[in-house]
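Peer 1: Got a structure for you, written out below as structure tokens; questions coming shortly.
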């Protein structure tokens with residue numbers, strides 16, 4: 001450490017470089033499952049009022065100049081009540097954050113997440129909606145009313161509206177339940193969009209990446225990890241919703257087929273893009289009840305529906321085929 005003008009003390013750039021290398025090594029040692037647990041624990045600290053609110057020193061910030069090593073990339077909403085670093089009690093350099101109204105995929109948001117996966121090698125890719133989302137509420141309005149908005153805003157709302165499955169949502173009569181179901185439906189649509197990127201799904205297949213869908217309840221502060229993505233069995237042509245998560249603290253999983261079809265055989269699409277289906281998520285059947293946490297489950301789940309076990313032969317009874325045509 002050397003004394004600087006004005007009494008400020010700092011480290012040399014050589015020290016900063018060494019610290020940056022240490023940060024890189026620490027990042028490489030983290031597994032996707034460990035990063036997911038870190039997020040769950042950070043949120044638990046937040047909603048229980050025990051947040052550590054990590055702050056980087058001037059030296060730590062200087063070490064970050066060379067390179068960043070975020071472990072998580074998140075597509076969240078731009079709502080002022082949903083600051084993701086605060087909600088997960090994370091610090092500078094921990095999260096690569098993309099925020100846009102309605103946490104929706106478009107050219108810019110998709111490109112940003114692709115960059116995080118390909119070039120930053122994030123371990124967890126998350127789409128998070130939230131309670132009381134104004135964009136989702138507005139997307140549920142009649143088209144005539146939406147078209148009274150400025151053109152760019154109207155286009156964004158109509159894009160969200162197309163994925164809401166409003167016919168099914170009409171069956172939900174409780175206002176709070178409707179709000180949650182609409183937001184979750186939108187999150188699932190955005191996760192489906194990410195699943196069409198074969199590069200992302202290849203990382204899922206190689207267990208280098210966990211893709212999750214979450215719902216943030218503003219009133220309690222709890223983040224509900226309601227869905228993750230796993231590779232579907234070879235025989236499964238369509239996505240499946242399975243009411244048992246692979247990782248602790250996650251309620252369910254969407255089994256998605258990893259398309260390895262070459263470009264020449266994939267009509268109307270680019271190589272490395274999984275063909276989108278017209279499927280829509282169906283409500284789980286009564287026989288598809290969530291599984292209680294196992295006794296060895298060491299991670300607290302606010303929803304009480306978690307499991308450490310991986311796929312087994314008994315999973316078939318928890319499977320709901322996604323086959324409803326639009």
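Using N, Cα and C of the backbone, Cβ positions are placed for all residues, glycine too.
Here's the feature list from TrEMBL:
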- 77, 79, 130, 133: Zn(2+) binding site (BINDING)
- 258-326: region 'Disordered' (REGION)
- 310-326: compositional bias 'Basic and acidic residues' (COMPBIAS)
Peer 1: Around the Zn(2+) site (77, 79, 130, 133), what further same-chain residues have their C-beta within 8 angstroms of the site's C-beta centre?
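Peer 2: The answer, listed by sequence position, is 76, 78, 81, 82, 101, 102, 103, 129, 131, 132, 134, 135, 136, 183, 216.
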Peer 1: Below 8 Å Cβ to Cβ and six or more residues apart, same chain only. Which residues does that give for residue 133 (Zn(2+) binding site)?
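Peer 2: Listed in sequence order: 77, 79, 102, 179, 183, 186.
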Peer 1: Hey, what's the Cβ neighbour count for residue 79 (Zn(2+) binding site) at 10 Å?
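Peer 2: Within a 10 Å radius of the Cβ of residue 79 (Zn(2+) binding site) lie 20 other Cβ atoms.
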Peer 1: If one looks at the chain holding residue 130 (Zn(2+) binding site), which residues at least 6 apart in sequence have a CB under 8 angstroms from its CB?
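Peer 2: Listed in sequence order: 76, 77, 79, 81, 82, 183, 215, 216, 217, 218.
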Peer 1: With every protein chain in view, how many other Cβ atoms are within 10 Å of the Cβ of residue 77 (Zn(2+) binding site)?
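Peer 2: I count 24 other Cβ atoms within 10 Å of it.
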